[in-house]
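See structure below.
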């Protein structure tokens, strides 16, 4: 695993900045966490009507963020890094908590720090394991051990075998929005 600390300056789109970094370095990234503030965020919230987005105006502090950026083509060189669900939880100015999948620009309202990792030589396995046997797909020099029952993800080679999950993805997007109660005035 190779860790990265990415600094996104105020006024820049956080998602676009990470995507460009991933593309330039020709690496897949798993965003682990982040800190800082963003402004005027548009989110898709799975618990609402499908396809509906909600825009939250104002400045929000990042509580948590997870995302996966993979190269869209199996080769290198110039293929765009595609985010696989950029999920974020934010704290608003009155203490409200909002979250969902970013559905628009994610503009930094100050310096935003992102902690990400790139995994060296990852292996992809399709589960459940097939008892008939199979093979593993190695993500590098081919030294990963073969495991009975693993199935090739088949990117670009018979896509019907792909389970749709990224080899870097180890999380599920948040499906709930939590609203904190309004702050109470202090007793006098």
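Cβ atoms here come from the backbone N, Cα and C positions, even for glycine.
These come from TrEMBL:
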| type | residues | note |
| --- | --- | --- |
| DOMAIN | 1-141 | domain 'PPC' |
| REGION | 134-162 | region 'Disordered' |
| TRANSMEM | 97-119 | transmembrane segment |
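Assigned with DSSP, the residues of the domain 'PPC' (1-141) fall into helix, strand and coil as follows: 12 helix, 69 strand, 60 coil. Taking Cβ pairs closer than 8 Å, the transmembrane segment (97-119) reaches residues 1-16, 18, 27-46, 53-56, 59-60, 62-65, 85-91, 139, 168, 173-174, 176-180 in its own chain, all 6 or more past its ends.
Taken as a whole, the domain 'PPC' (1-141) shows an average pLDDT of 83 in this prediction.
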